[in-house]
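Written below as structure tokens is the structure these notes are about.
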Amino acid sequence: MAGRLWGSPGGTPKGNGSSALLNVSQAAPGAGDGVRPRPSWLAATLASILIFTIVVDIVGNLLVVLSVYRNKKLRNAGNVFVVSLAVADLLVAVYPYPLALASIVNNGWSLSSLHCQLSGFLMGLSVIGSVFSITGIAINRYCCICHSLRYGKLYSGTNSLCYVFLIWTLTLVAIVPNLCVGTLQYDPRIYSCTFTQSVSSAYTIAVVVFHFIVPMLVVVFCYLRIWALVLQVRWKVKPDNKPKLKPQDFRNFVTMFVVFVLFAICWAPLNFIGLVVASDPASMAPRIPEWLFVASYYMAYFNSCLNAIIYGLLNQNFRQEYRKIIVSLCTTKMFFVDSSNHVADRIKRKPSPLIANHNLIKVDSV
């Protein structure tokens, strides 16, 4: 018997939504014979996670965007992709997450099916946009470090903006089929309107492969080649001919590598569950514990607030710009002033953006 999809048992959405939205497949992991009553501590925990994620996501990613806008040292071709990633993270914090929080408070979905569709659409747009932006960052780093002679031509200001436009065009194209297949549904286990893995096994496998596994393999390839080149230069080249590896540049590269690793860790469990369920829905779905399904989703949700924190912890330029922005909030007229124009700032700090145009290794290899 299919579990009730809208809200708590017996709950129905307001409005006249498509009947496809009102059903959940028997194969949905954890669906069982209905939605079981949730203990109050679980709802409180999920609500706390969402509140923290929303606040840190909005504040942190706005700081990232404003930092790049205010500081000329951070306005470079590589950081265009960082801003793209920040925008992708902001998408979920301003609409889908607040609606999920409202569902937790109300113990069910209380809005129309249109809000559900829009929430699920923005959720997918954010996820795929994040994946493609992280892939764009990795390719940018690979070209900058391993093919430095051609980097300036490949990543001119105009070209970089075109790449970001391509990223979001592909993201939009990738998410539109969800509206046609009917995979954007409300799931009471996670209090969210999101991609439903059990609607179509073939489509779920295609989504996981092309929207997660393939992009992550591209990122892994890029970073492995970068690490190989860095290690080769550091350990196998004679000291006399060894190019200088600037510590600050290396930390900048590590920052983006950490962003990728955390994204992969947070999203891998959910994608793995999707593949397992899609491989044999009838037998595998009932074996997925509900707590694991819920935990994998909220781990993925939590990732949207991590990137801005990583930049602040690992990158001095962003950390200092964060501090300036927070202080300048008290002086409105100074808020949108280019902070890199201050004489004292130019004296105290050397240029060292998160993704700089100067390279770790001045060789054109790999």
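Every residue gets a Cβ built from N, Cα and C, even glycine.
CYS193 (disulfide bond): 30 other CB atoms within 10 A of its CB, across all protein chains. Sequence annotations record features per position, and here Swiss-Prot assigns disulfide bond to CYS116-CYS193.
According to Swiss-Prot, the N-linked glycosylation site annotation covers ASN16 (among others).
What Swiss-Prot records for ASN23 (among others) is N-linked glycosylation site.
Per Swiss-Prot, the feature topological domain 'Extracellular' maps to 1-45 (among others); the stated evidence is sequence analysis.
Sequence annotations record features per position, and here Swiss-Prot assigns topological domain 'Extracellular' to 101-118 (among others). Restricting the average to the topological domain 'Extracellular' (101-118) gives a pLDDT of 91.
Taken from Swiss-Prot, the feature topological domain 'Extracellular' covers 180-203 (among others).
For 278-290 (among others), the entry in Swiss-Prot reads topological domain 'Extracellular'. Counted with DSSP, the topological domain 'Extracellular' (278-290) comes out as 10 helix, 0 strand, 3 coil.
Sequence-distant contacts of the transmembrane segment (46-66), counting only residues of its own chain at least 6 positions beyond either end whose CB sits under 8 Å from a CB of the stretch, comprise 82-83, 86-87, 89-90, 92-94, 97-98, 100-101, 104-105, 191, 294, 298, 301-302, 304-305, 307-309, 311-312, 318, 321-322, 325-326. Look at Swiss-Prot and you will find 46-66 (among others) tagged as transmembrane segment.
Long-range contacts of the transmembrane segment (80-100) within the same chain: residues 50, 53-54, 57-58, 61-62, 64-65, 68, 111, 115, 118-120, 122-123, 125-127, 129-130, 133-134, 136-137, 140, 160-161, 163-164, 167-168, 190-193, 259, 301, 304-305, 307-308, 311, 354-355, each at least 6 residues beyond the stretch ends and with a Cβ under 8 Å from a Cβ of the stretch. Under the heading transmembrane segment, Swiss-Prot lists 80-100 (among others).
Remote same-chain residues near the transmembrane segment (119-139) are listed as 78, 81-82, 84-85, 87-89, 91-92, 95-96, 99-100, 163-164, 167-168, 170-172, 174-175, 178-179, 184-185, 192-195, 211-212, 215-216, 218-219, 222-223, 256, 259-260, 263, 267, 300, 304, 355 (criterion: CB distance under 8 Å, separation of at least six residues from the stretch ends). Sequence annotations record features per position, and here Swiss-Prot assigns transmembrane segment to 119-139 (among others) based on sequence analysis.
Among the features that Swiss-Prot reports, transmembrane segment is placed at 159-179 (among others), with the record citing sequence analysis.
Beyond the transmembrane segment (204-224), the same-chain residues lying 6 or more positions past its ends with a Cβ under 8 Å from any Cβ of the stretch are 127-128, 131-132, 134-135, 138-139, 141-142, 174, 183, 195, 197-198, 257, 260, 264, 267, 271, 274-275, 277-279. If you look up Swiss-Prot, you'll see 204-224 (among others) marked as transmembrane segment, on the strength of sequence analysis.
According to Swiss-Prot, the transmembrane segment annotation covers 257-277 (among others), on the basis of sequence analysis.
If you look at the transmembrane segment (291-311), the same-chain residues 6 or more away from its ends with a CB under 8 A from one of its CBs are 29-30, 46, 49-50, 52-54, 56-57, 59-61, 63-64, 82, 85-86, 89, 92-93, 97, 126-127, 130, 189-190, 192, 194, 255, 258-259, 262-263, 266-267, 269-270, 273, 318-319, 354. Residues or ranges marked as transmembrane segment in Swiss-Prot: 291-311 (among others).
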Counting across all protein chains present, how many other Cβ atoms fall within 10 Å of the Cβ of CYS116 (disulfide bond)?
25
